Amino acid sequence: MPYPLQLGFQDATSPIMEELLHFHDHTLMIVFLISSLVLYIITLMLTTKLTHTSTMDAQEVETVWTILPAVILILIALPSLRILYMMDEINNPLLTIKAMGHQWYWSYEYTDYEDLNFDSYMVPTSDLKPGELRLLEVDNRLVLPMELSIRMLISSEDVLHSWAVPSLGLKTDAIPGRLNQATLMATRPGLYYGQCSEICGSNHSFMPIVLELVPLKHFEDWSTSML
């Protein structure tokens, strides 16, 4: 989860988020090297008194600054496309959850169970218990088993919303009349917080998401108690 004065990403809790962090570091290193080179050239141009008079026709330089950017773009595009296809690939999910956005709460349905669904509202500040987080706690958490492939079906009943959990690398738009899907697999148990990430009205900031990832045995016990 985030903490005050945080400058980086949240700790990765899914394979997708780990890949996104690696891609971020890869791209940032390329940007850093380019920025350093440009800054070095600008510094040389500002500090030298020498003038090169033969740069009006420099075929070699033009060739280099045409090919080099293309190579750099390829080095960025290939890992990006790989991750993009990984995020869209859903193979044999063991559990399917349908998340519906409303103004201003989420409702969840476990489609593999006959009658397991509930609404998830934010807990008002006045009702918070010691240790709970303001604007992030909900009355009904989405309980899921860890280390299993889970398919999320996401849509909306009214306006545009966005179902986002940063530590899992998830952000999927909830669009009325359209069913979007995402894959989810957590590698560690715990509570994972997210929020609606699409401005959806006056209470947009009061639509938290709380995932409770538990071992499979605990999930089976919980689902049995809910039916």
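Glycine is no exception: its Cβ is also placed from the backbone N, Cα and C atoms.
Database features, via Swiss-Prot:
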| type | residues | note |
| --- | --- | --- |
| BINDING | His161, Cys196, Cys200, Met207 | Cu cation A1 binding site |
| BINDING | Cys196, Glu198, Cys200, His204 | Cu cation A2 binding site |
| BINDING | Glu198 | Mg(2+) binding site |
| TOPO_DOM | 1-14 | topological domain 'Mitochondrial intermembrane' |
| TOPO_DOM | 46-59 | topological domain 'Mitochondrial matrix' |
| TOPO_DOM | 88-227 | topological domain 'Mitochondrial intermembrane' |
| TRANSMEM | 15-45 | transmembrane segment |
| TRANSMEM | 60-87 | transmembrane segment |
Go through Cys196, Cys200, Met207, the listed binding-site residues, and name the one with the sparsest Cβ surroundings, counting other Cβ atoms within 10 Å. Cys200
DSSP says what for the topological domain 'Mitochondrial intermembrane' (1-14): how many helix, strand, coil residues? 0 helix, 0 strand, 14 coil
Those binding-site residues listed as His161, His204, and which of them has the most Cβ atoms within 10 Å of its own Cβ: His161
Across the topological domain 'Mitochondrial intermembrane' (88-227), DSSP yields 21 helix, 61 strand, 58 coil
Averaging pLDDT over all residues of the topological domain 'Mitochondrial matrix' (46-59) gives 71
Quick one: pull the CA-CA distance for Met207 (Cu cation A1 binding site) versus Glu198 (Cu cation A2 binding site), whole Å only. 10
Can you tell me how far the Cα of His204 (Cu cation A2 binding site) sits from the Cα of Cys196 (Cu cation A1 binding site), in Å? 7
For the topological domain 'Mitochondrial intermembrane' (1-14), distant same-chain residues with Cβ under 8 A (at least six beyond the ends): 20-21, 24, 133, 166-170, 184-188, 190-193, 213
Which residues, in sequence order, are found in the same chain with Cβ within 8 Å of the centroid defined by the Cβ atoms of Cys196, Glu198, Cys200, His204 at the Cu cation A2 site, excluding those residues themselves? Gly101, Trp104, Val159, Leu160, His161, Ser162, Ser197, Ile199, Gly201, Met207
